[in-house]
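Working notes for the structure below.
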Amino acid sequence: MTALSTETPSRPAAAASPAALRARKDRNRALALLSPGLIWMALFMVLPMCMVVYVSFWTQTTFSVEPSLTTASWQRFLGSSTYLAAIGTTLRIWAIVLVATVAIGYPVALFIGLFVRNKTVQTALLVACVIPFWTSFLIRVIAWRPMLGTEGAINMILMKLGIISHPLEFLLFSEFSVLVGMTQIYCVFMVGPITFMLGRIEPSVIEAARDLGASFGTIFRRIILPLSLPGVMVGAIFVSVMVLGEFATAASLSGRKVNLLGNIIVSQVGSLKWAFAAVAGVVLTVIITAVIALALRLVDLRKEM
Amino acid sequence: MFACEKSINGETDVLTLSRVTRRYGANTALDGVDLVVPDNTYMALLGASGAGKTTLLRLIAGFEEPDQGEIAIHGERIDGQPPHLRDIGFVFQNFALFPHLTVAQNVEFGLRHRARAPITDDAEIRARAEAALELVGLAGFGHRGVGAISGGQRQRVALARTLVCEPRIVLLDEPLGALDANLRARMCDELRAIRERLKVSFLHVTGSETEALTMGDEVAVLAGGRIVQSDAPEMLFTAPRNAAAARHLNAWNIFPAGLCAGGAAQGEIAVRFDQIDVSPPGAVPDGRPHLAAQYLTGEFNGPTALSFFRAEDGTLLQVVDHLSTPRLPELTEGARYDLHFAPDAARQFHGAA
């Protein structure tokens with residue numbers, strides 16, 4: 001039998017304490033986990049962003065850009081009513097789509113997150129919401145044409161029912177069709193986060209409010225809505241970022257009547273107007289940043305999540 | 001200000017349940033429950049987990065409706081009424097505080113937002129909420145967020161939030177279950193004191209027999225979907241009327257009468273843990289019913305020691321010995337002993353239990 005030693009193994013006095021060693025190890029691990037993401041972001045996000053700002057001040061000739069600095073592209077952009085109108089259109093469509101996705105998405109989320117209490121059914125319903133995403137973006141957008149066209153399903157049905165005598169022209173190749181297309185595509189990004197927040201509300205909290213004498217309307221206003229607002233904000237950020245940068249829906253459903261900032265970038269890049277595209281890109285980035293900053297101001301996500 | 005309205009025209013029962021039945025598919029959670037909660041009473045409802053205690057409370061509060069039977073308050077039927085019009089207080093096991101509101105806003109919620117006769121005077125709401133917080137010992141905590149207070153304080157907020165509305169009866173669903181042992185003992189005293197001040201009836205559901213016996217002016221035992229006995233605590237503890245009630249008290253050995261020499265031969269016998277004596281085989285004093293059992297092991301709990309025996313048919317028997325007045329002989333694990341008791345210590349139950 002060996003006697004148990006109660007002495008601690010001797011250690012040089014200068015060596016770090018176990019706590020310090022552990023702290024250093026944790027720090028190294030955090031650094032190791034962070035660095036791939038940081039390197040990626042630096043190389044493919046921060047650097048290109050700086051490049052875009054830089055290029056927006058380059059001199060544009062017909063088919064090329066030269067790195068001699070000028071504000072010509074900025075002056076042209078900010079002095080043109082067409083481009084300023086594009087900013088207006090982008091903001092208008094963003095606002096309408098945002099409101100529409102909340103108006104359509106919130107009741108859906110309310111149903112899935114609050115009234116369906118079975119987790120399996122909840123998941124199944126959420127998956128059903130993403131089924132349209134099993135087809136490509138373009139198909140989802142173009143599928144609206146046979147629906148909304150003058151010879152399309154909606155006009156046919158309305159005419160057969162005798163509600164209208166002439167096909168409704170505004171349905172397709174208009175701002176309306178762009179709004180319909182975008183609302184459909186981005187609604188699910190609103191439903192998801194709201195459902196998540198609603199699903200986290202304890203059923204007993206709602207029952208408690210009921211027990212204290214509140215009607216369903218009051219409970220919705222005072223308990224459910226405030227508790228789900230962070231979900232609305234996250235959904236709004238998702239939808240905003242995607243709608244503000246949109247060009248494809250407008251390109252295929254507006255009949256070139258709706259010009260978003262995204263469409264300007266696409267057409268300018270297409271005609272090799274790099275400096276000008278860069279200006280539009282910077283403007284778009286500033287708008288998106290402002291919108292996100294505003295959203296984060298409205299709800300303190302750190303507190304709520 | 002919290003005084004409950006006195007019983008109407010000499011009617012002394014607040015809550016009456018008759019033949020209340022609730023089924024979930026093929027499962028019958030409650031099978032014809034009859035329960036009466038008198039006015040100004042602390043009523044404890046004791047039942048094992050899964051016995052349907054919470055279901056019973058949810059039926060009374062109106063979160064669910066009974067399949068059969070009637071629920072009445074002061075003689076007026078309330079089943080079928082929506083929960084927010086029933087005027088019943090419910091204190092949830094998990095407290096169910098509104099997480100986005102402060103303590104004061106939680107307490108004010110009912111007064112401000114109830115559908116029936118909400119109070120519009122801000123000063124009155126604030127005064128009543130503050131009085132309710134003072135009642136539960138949380139004066140001055142109003143501005144805090146409910147996430148920034150301890151579990152015991154949350155329990156008090158939940159209680160204040162319910163009491164401030166002056167409900168006709170307060171239902172408490174295992175209110176002490178989420179608290180640690182020290183806090184539980186303190187809350188026990190406070191709950192009783194608060195109830196006595198308000199003179200409103202409490203119906204307190206619990207799975208702990210100690211809690212039920214300590215708290216209740218009256219204790220009802222829920223087993224097999226029915227109330228098997230409803231009595232004063234001393235009465236219930238010393239004279240359970242059936243095996244089901246006795247089993248819930250965790251103080252009675254219940255075994256078939258046939259095991260026992262010198263006693264009745266049919267039905268079941270119950271003898272309290274502290275009324276059984278142990279002696280070596282063959283040394284039983286005259287005139288005492290006895291049965292043979294093997295000593296398994298002992299458990300030392302501080303002031304008392306618990307000894308476990310196994311009878312010939314496999315029934316587990318427990319004997320309590322008090323440290324100050326030891327009455328058991330030295331016991332050897334695995335050895336056989338005779339357990340005996342005074343003839344009048346045994347309670348005999350007939351029929352199925």
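Cβ atoms here come from the backbone N, Cα and C positions, even for glycine.
Annotation source TrEMBL lists compositional bias 'Low complexity' at A:9-20.
Here TrEMBL flags A:87-295 as domain 'ABC transmembrane type-1'.
Positions annotated as region 'Disordered' by TrEMBL: A:1-20.
Under 8 Å from some Cβ of the transmembrane segment (A:31-57) lie the Cβ atoms of residues 65, 69-71, 73-74, 274-275, 278-279, 281-282, 285, all in the same chain and six or more residues away from its ends. Residues or ranges marked as transmembrane segment by TrEMBL: A:31-57 (among others).
With a threshold of 8 Å between CB atoms, the same-chain residues lying at least 6 positions outside the transmembrane segment (A:93-116) that come near it are 122, 125-126, 129, 175, 178-179, 182-183, 186-192, 194-199, 201, 206, 224, 228, 231-232, 235-236, 239-240, 243-244, 246, 250, 258, 260, 291. Feature annotation from TrEMBL assigns transmembrane segment to A:93-116 (among others).
The transmembrane segment annotation in TrEMBL covers A:123-143 (among others).
Annotation comment: TrEMBL describes A:176-198 (among others) as transmembrane segment. Within its own chain, the transmembrane segment (A:176-198) is flanked in space by residues 93, 96-97, 100-102, 104-106, 108-110, 112-114, 122, 126, 129-130, 132-133, 137, 140-141, 144, 148, 170, 224, 227-232, 234-236, 238-239, 242-243, 246, 249-250, 253-254, 258, 304, which lie at least six positions past its ends and keep a Cβ under 8 Å from the stretch.
Here TrEMBL flags A:219-244 (among others) as transmembrane segment.
Annotated transmembrane segment per TrEMBL: A:274-299 (among others), in sequence order.
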